[in-house]
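This report refers to the structure that appears directly beneath it.
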Amino acid sequence: MIGRWLTSRFYDAFLICAFLVGAPRIFYKVLFHGKYINSWKIRLGIEKPKVKGEGPLVWFHGASVGEVSLLAPLLKKWRAEFPEWRFVVTACSEAGVHTAQRLYAPLGATVFVLPLDLSCIIKPVIRSLAPQIVVFSEGDCWFHFLTETKRLGAKAFLINGKLSEHSCKRFTFFKRLGRSCFSPLDLFLVQDELYKQRFIQLGVPLNKIRVCGNLKTFVETEASVNNRDFWRKKLQLSPRDQLIVLGSVHPKDVEVWAEVAQHLNKLSTKILWVPRHLERLREHTRLLAKAGVSYGFWSKGASFSQYNSLIMDEMGVLKDLYAAAELAFVGGTFDPSVGGHNLLEPLQKEVPLMFGPHIHAQSVLAELLRKKEIGVPLERGSLLEVVEELLRDEKKRQRYLEKGRDFLKGEEKIFKQTWEILKEQIACIKI
């Protein structure tokens with residue numbers, strides 16, 4: 001008991017010191033970028049979040065956008081099968097909170113930023129909400145958050161668990177803190193054997209750990225056949241036209257593709273350019289003009305009956321547009337400062353995937369796709385040759401499609417396994 005009390009005081013002191021060191025940067029972001037303005041009262045415990053209604057409460061938490069987003073299929077499934085439960089979703093970053101608001105507020109979840117993990121701030125919030133279950137996404141387990149929920153009798157689970165080599169070494173060095181952070185968890189559903197061994201190294205009992213796979217690459221697949229017909233008609237594509245959708249492109253992607261666009265257009269190939277940032281359209285059009293590529297803007301009524309290249313200057317339609325294509329390229333992968341965007345969306349729309357050499361922002365998923373030869377990696381020097389071959393060879397495109405379908409089925413198995421384990425735990429909760 002004394003050891004736990006000392007650990008708590010040491011941890012509080014560490015957080016206060018870290019806050020003081022980071023204070024100048026925090027205030028700079030508040031003053032010049034407007035960050036934290038809407039969340040500081042909850043972060044500091046001045047404003048207490050409230051959850052409406054009655055019934056058992058499950059609290060999901062993820063650090064930021066990626067960790068919060070992967071919760072979507074689980075939360076939807078939970079809501080469908082256990083409608084009596086109330087939901088809280090928190091994140092540490094403002095971007096994570098905005099993502100959670102967009103994804104989960106329509107489902108009835110209460111969303112807010114996680115209060116600071118100082119004992120005097122977080123503990124009253126937990127006592128007020130009194131969750132029956134807390135689900136941590138990937139590894140963002142805060143000491144006082146976890147220990148207080150366990151003290152109140154809640155179950156605590158880690159899903160899609162991982163532990164980096166650096167974190168493992170740090171927790172091994174501060175052995176007591178490592179044990180205190182993770183030992184209260186009732187169940188660890190981890191991504192692979194490597195992460196399992198790292199948690200064991202920190203003293204987590206073997207019987208608490210199960211390897212389920214990586215949930216981050218699972219997204220529920222939607223039917224795309226009708227979307228394909230709808231968009232091909234709307235874009236005014238003829239049956240013989242072959243379409244390449246260049247999704248979430250940055251100027252460096254545009255520069256590479258502009259070099260080969262005119263040659264591809266001679267093969268009855270149409271190109272749809274979908275910028276990642278509309279505010280950078282001027283850079284895109286300058287690069288296209290420099291390469292001699294003529295284009296039209298979707299917002300001005302242009303279509304492929306008039307142009308071989310079309311710029312989609314409307315947000316929020318990219319995923320559906322992929323369905324209209326013979327080939328899809330994911331942008332940011334020719335820009336080393338970006339490192340790629342969502343590589344799964346073309347596969348979910350049953351379109352062969354292409355990407356450039358810079359995929360570090362999607363490194364886990366990209367490595368899986370490369371290993372299974374699902375996506376087509378492109379290099380600037382050989383891009384035209386590779387794309388021409390894919391356009392000519394329908395059987396080759398079909399092979400990539402089959403591999404993509406198999407991959408998505410495997411991801412679905414990972415989700416189902418994770419859900420079934422959680423479902424068993426939910427059934428054991430006394431309400």
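The first residue you see is number 1, and the count goes up from there.
Using the three backbone atoms N, Cα and C, a Cβ is placed for every residue, glycine included.
Taken from TrEMBL, the feature domain '3-deoxy-D-manno-octulosonic-acid transferase N-terminal' covers 39-217.
According to TrEMBL, the active site, proton acceptor annotation covers GLU67. For GLU67 (active site, proton acceptor), the Cβ neighbour count at a 10 Å cut-off comes to 24, with all displayed protein chains included.
According to DSSP, GLU138 (site 'Transition state stabilizer') sits in a coil region rather than a helix or strand. Counting only residues at least six positions away in the same chain, the Cβ atoms of GLY62, ALA63, GLU67, LEU70, LEU158, ILE159, ASN160, GLY161, LYS162, LYS216 sit under 8 Å from the Cβ of GLU138 (site 'Transition state stabilizer'). The site 'Transition state stabilizer' annotation in TrEMBL covers GLU138 (among others).
Taken from TrEMBL, the feature site 'Transition state stabilizer' applies to LYS216 (among others). Neighbours of LYS216 (site 'Transition state stabilizer'), defined as other CB atoms within 10 A of its CB across all chains, total 21.
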